[in-house]
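Working notes for the structure below.
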Amino acid sequence: MVMRTEARVSVSSGQSVVGNKASSHRLTQDQRSHIESASQLLAGGIAGAFSKTCTAPLSRLTILFQVQGMHTNAAALKKPSILHEASRILNEEGLKAFWKGNLVTIAHRLPYSSVNFYTYEHYKKFLYMVTGMENHRESISSNVFVHFVAGGLAGITAASATYPLDLVRTRLAAQTKVIYYTGIWNTLRTISTDEGILGLYKGLGTTLVGVGPSIAISFSAYESLRSYWMSNRPHDSPVVVSLACGSLSGIASSTVSQLLDQTPCVSSSDVKNKTAATFPLDLVRRRKQLEGIGGRAVVYKTGLLGTLKRIVKTEGVRGLYRGILPEYYKVVPGVGICFMTYETLKLYFMDLSSKL
């Protein structure tokens, strides 16, 4: 009788130990899941911030060109010249001025890219599960569809969540001799006081019109190109593959939309013509973001089409394309650097977590 009792105790103890081990294992899996999520957020944030810092001088030139004509007589405007404007910035403001507003760019880009890449990975998993394509991942058409939709949803989510910081960055970067805003928090407070909370979302509608398709094409093109490359040349360096495919995806996405601050230009002239067709959206967005600074009168009181008509009337068709050249010059390296950094950091964090 005693032996049977001991046996039962022993079995019960054994089951308890197994249960504890299983519980411990589940806890470890949960921890790994949290680590994976944190890694995706961190890798995406760093990738976006590093990419924008590398191309910050071109971004500032673009913004300065885009806002010319808002409060200036069109006849007084000089013919845009990248070298002339770069020389002016260097002589009047110094070398650091090329990165004016870059701190807020990083403050915007870290959460934006984190949310963008993180939500993309989760939207992708969700779409595979909901559509029943989980078992058809080798199908090119199903992959492109999932990557396209997931990319578009991720872009819209990230842009909406971090838009006030994008507006702050634009206003800080557009300042030259007259300084009205002195920092991120000062800009947020001043805009909220002068223009109300909705002032922080000026131009959001125009942004979302372009950001969805742009990011959708960028992600789907990148995933397709990378998959094709790795299936044919599996031994190539992942860093080189990511940089090349990211650059090509930047060309593809900017052909449809030049809204690079949400995303990451056959013949080069064809690419330019297609990009030029959508670049005015970005210009309108910038000008909407800058309306009302320092109590200035509101220039554009109508919607998107009304604003476009006013710009053409006061500045000519050329006014719709101010700043397009520096945008062309930054698209390929900007998107390529972003994807390369993200993939490199993601692999590094995965390797690190596997050793824990």
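Cβ coordinates come from backbone N, Cα and C, glycine included.
TrEMBL entries are annotated by machine, without manual review.
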Region 'Disordered' according to TrEMBL, located in which of 1-26, 261-286: 1-26
Counts of helix, strand and coil residues, the repeat 'Solcar' (35-126), according to DSSP: 76 helix, 0 strand, 16 coil
Three-state composition of the repeat 'Solcar' (142-228), taking helix and strand from DSSP: 75 helix, 0 strand, 12 coil
